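**Q** Please read through the structure below; I'll follow up with questions.
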Amino acid sequence: NFSQVNEFILLGLSDTRELQVLFFTFFFLAYAMVLLGNLLIIVTVWTDPKLSSPMYFLLCNLSFIDICCTSVTSPRMLVDLLSQRKTIAFEDCIAQLFFLHFVGASEMFLLTVMAYDRYTAICKPLHYTTIMSRQVCWVLVSACWAGGFLHSIVQTLLTIQLPFCGPNTIDNYFCDVPPVIRLACTDICVTEWLMASNSGLISLVCFLVLVTSYTFILVTIRVRFTEGHWKALSTCASHVMVVTLFFAPCLFIYLRPFSTFPSDKHICVISTVLSPVMNPLIYTLRNNEVKASMWKL
């Protein structure tokens, strides 16, 4: 594509050595928690026959996506925090961008499916086993991955067709669409709006579907409140916490033109590090069945 840039320089979160050591310690522990916590959830769900409902099947897939999502950015960030020169090859940068949007969009769709699962379980309990059969769950999860791939391939193709011939400094700790396309040696107005419409629209639509689902759930619980619905409300509360942690940064970053905000890279930490860390804690500490199975395991 006539690009003359062979590598990019990542500025990271800080250029102060003491802060870099502090960040390395924190993010290393966070990455270890993501791997151990989500792997524990996956093993627990697959080994305990009691956790065979669609909710736990979807939770298992969410844990796998969280591992993939944080593994796209965290290992590279940890290496760069201990390196003097933080560079990434052009091809590696594009690959990181692709996989980040691949698993990120897949997680958006999966969270939407999980909200639909809770809506069906609470609002249509008598038809739940028919609507959310194992075959339907596999189809929905496959659709989430397919949707994530289509979204990511569009973002990647729009990026690689741009010429890069000048500055190569990215003010972030990983390669993402907004900071990368700002380095292009051409007018990116049309590309910028196409990408913002793609990522921002997907984030907004998924978020609105989630809000609508939980609104119907709250209305149903209010009309016919029982002890079982109290348990369902507790489960939905944990889902809402996950949705807030994941979608708030995405809406802030992608639902606008890609102008530079100094806080962008710090907000990215929430979706790429903190959200995958919190998911195992939220789903296990607020779910007695999962906690009991983990202790048994």
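Every residue number used here counts from 1 along the chain in the order it is shown.
Every residue gets a Cβ built from N, Cα and C, even glycine.
TrEMBL entries are annotated by machine, without manual review.
Remember, it's a predicted structure, so these values are computed and weren't measured experimentally.
The transmembrane segment annotation in TrEMBL covers 20-43, 55-74, 94-116, 136-154, 201-221, 233-255. According to TrEMBL, the feature domain 'G-protein coupled receptors family 1 profile' maps to 37-283.
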**Q** Of the listed stretches (55-74, 136-154, 201-221), which one yields the highest count of Cβ-Cβ distances below 8 Å with the transmembrane segment (94-116)?
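**A** That would be 136-154.
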**Q** Restricting attention to the domain 'G-protein coupled receptors family 1 profile' (37-283), give the mean pLDDT.
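**A** Mean per-residue confidence for the domain 'G-protein coupled receptors family 1 profile' (37-283): 83 out of 100.
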